[in-house]
Amino acid sequence: MESTMKEMRDGVSVLDLDPKSTVGGGVEDVYGEDRATEDQLVTPWTFSVASGYSLLRDPQHNKGLAFTQNERDSHYLRGLLPPAVVNQELQERKLMNSIRQYQVPLQKYVAMMDLQERNQRLFYKLLVDNVEELLPVVYTPTVGEACQKYGSIFRRPQGLYISLNEKGKILEVLKNWPERSIQVIVVTDGERILGLGDLGCQGMGIPVGKLALYTALGGLRPSSCLPVTIDVGTNNEELLNNEFYIGLRQRRATGKEYSELLHEFMTAVKQNYGEKVLVQFEDFANHNAFDLLAKYGTTHLVFNDDIQGTASVVLAGVVAALNLIGGSLNEHKFLFLGAGTGIAELIALEVSKRTKVPLEETRKKIWLVDSKGLIVSSRKDSLQHFKQPWAHEHEPVKDLLSAVKAIKPTVLIGSSGVGRTFTKEVIEAVSSYNEKPLILALSNPTSQSECTAEEAYTWSEGRAIFASGSPFDPFEYNGKVYVSGQANNAYIFPGFGLGLVISGAIRVHDDMLLAASEALAGQVSKENYDMGLIYPPFSNIRKISAQIAASVAAKAYELGLATRLPRPADLFKYAESCMYTPNYRSYR
């Protein structure tokens, strides 16, 4: 990926650090939350003494019925709560029981968001302890429906909304956010939300959901996370005509107006939060996503989850799958449906690293199909810049099935955002060339998946190794139960971000992505392989995130991009020690 970005930056690398652009910065644990042990008392306010009534309405410190009798006396809570005192575990059981009563996923989502707004630690306790059950609720696929209906379910603002109305005032807007010690910002402009298209201002559900996972899975403090939506309008006519739409009612701004607003935002972020704040771009349309990554990759700590995070998690799955499908990475042939250029580039980089073959050569084993057919050299002049490296010598091929028959791939990857494009004929064709075809249907939400697990297993006669972007239930075929993996970015970005934070990294380099992929692939056990899985279970995700963080941090130190000195002796233990735990604290 960095090689593509270097071309867009006229040869400038993220390792070419400009001293002027690396001054200042860093955030610190102002209130000692990371350093305090669980048995140390903390004060449940930071700026002024709160009344008991306001304390109960402060989600960061509210514990509900878990306030002890002494705490009720000390903090003016006597009489404001029923007499019962319960522990966090009982509260958790009660809430999980309530959430399980809902039949509609969106109802579960709203219930979880309500909990986050009234009791932050209990929200994260539920998410950490029930991650496999609740991940599809707070993230894909349910978050997609939540974004579509965000105007209707909108209750209490979460994060910052920066619209064209705020042009010239963005630094002032950032200062309106109550937290000063920000380590991660997830920002979207809402133009390409999952596979659902332009949802404008209602895309805020994505940064909110991502940062919930940063805390639950990666252990970053909630107070250090900031969700941001950049509202430049929407081209979605249905939203523009919807009386409940909460964003700007105008067509989407482009060109100079758009780039100036984004530049003001990026400048203000660095000015307000310093050099080491991570800005994660989320669900930007491709024509902006690659440009933003290229433009700010050498001046800011930036990461695009759709390009880099997806690439890293898919590469991890491919590397792990070699234990099931056989052969070395360079022996396989890849065919993509959709603009999966970020994934393709990272696979090519890994092959180049393993074989010492130049990147230009390793790219030749990877083929892409877009809406106009196979990307070939005769189309090069009409292609977007990020597709041009994948235009190989071949006669034109108009559709996916023809491309499968012409290329005979061993790995088929879908990143098209269009559902049911891996047809029966396509999967049968791939299966005819491979004893165990690797099929990855990555598009989200479930309705946009290129095929279902049932289709992949049935049409391949049970031979496919399958993973998808959204979860599928286990499927029984010919008496055997098949459990499919989920190529979910949540495996990568929380641990990746934690690794950047604990090392004080000031730039993201491709080698860090490769390190994250290899760390994730290394977590797949023999028991997982025996079930046909190429990803480890999410139940162990915090250990996985700590392992990824340690690998990413180690690479940052190796590349000279880390600023937290001296380097910790054991990065894995250090990562674990820095992780936020959502257990209740005892108050003075």
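Keep in mind that glycine also has a Cβ here, set from the backbone N, Cα and C atoms.
Keep in mind that TrEMBL annotations are predicted by a computer and have not been checked by a curator.
Features of the protein shown, as given by TrEMBL:
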type	residues	note
DOMAIN	116-297	domain 'Malic enzyme N-terminal'
ACT_SITE	TYR139	active site, proton donor
BINDING	ARG192, ASN444, ASN488	(S)-malate binding site
ACT_SITE	LYS210	active site, proton acceptor
BINDING	GLU282, ASP283, ASP306	divalent metal cation binding site
DOMAIN	307-557	domain 'Malic enzyme NAD-binding'
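Across all of the domain 'Malic enzyme N-terminal' (116-297), the predicted model scores a mean pLDDT of 94.
Cβ-based crowding with a 10 Å cutoff singles out LYS210 as the top-ranked of the recorded positions ARG192, LYS210. Sorting the binding-site residues GLU282, ASP283, ASP306 by the number of other Cβ atoms within 10 Å puts GLU282 first.
When every Cα pair among ARG192, ASN444, ASN488 is compared, the largest distance found for this (S)-malate site is 18 Å.
Here the Cα atom of the residue listed as 'active site, proton donor' is found 14 Å from that of ASP283 (divalent metal cation binding site). Taking the C-alpha atom of ASN444 ((S)-malate binding site) as reference, the shortest distance to any of the recorded positions LYS210, GLU282, ASP306 belongs to ASP306. Comparing the binding-site residues ASN444, ASN488 by how many other C-beta atoms lie within 10 angstroms of each C-beta, the top residue is ASN488. Distance between Cα atoms for ASN488 ((S)-malate binding site) and ASP283 (divalent metal cation binding site): 15 Å, as a whole number. Excluding the listed site residues GLU282, ASP283, ASP306, the same chain places THR188, ARG192, ILE193, ILE206, PHE281, PHE284, ALA289, ASN304, ASP305 with Cβ atoms within 8 Å of the centre of the divalent metal cation site Cβ atoms. Of all the recorded positions in the record (LYS210, ASP283, ASP306), the one with the smallest CA separation from ARG192 ((S)-malate binding site) is ASP283. Note on TYR139 (active site, proton donor): other Cβ atoms within 10 Å of its Cβ, all shown chains, come to 26. Separation of the C-alpha atoms of ASP283 (divalent metal cation binding site) and LYS210 (active site, proton acceptor): 11 Å, rounded to the nearest whole number.
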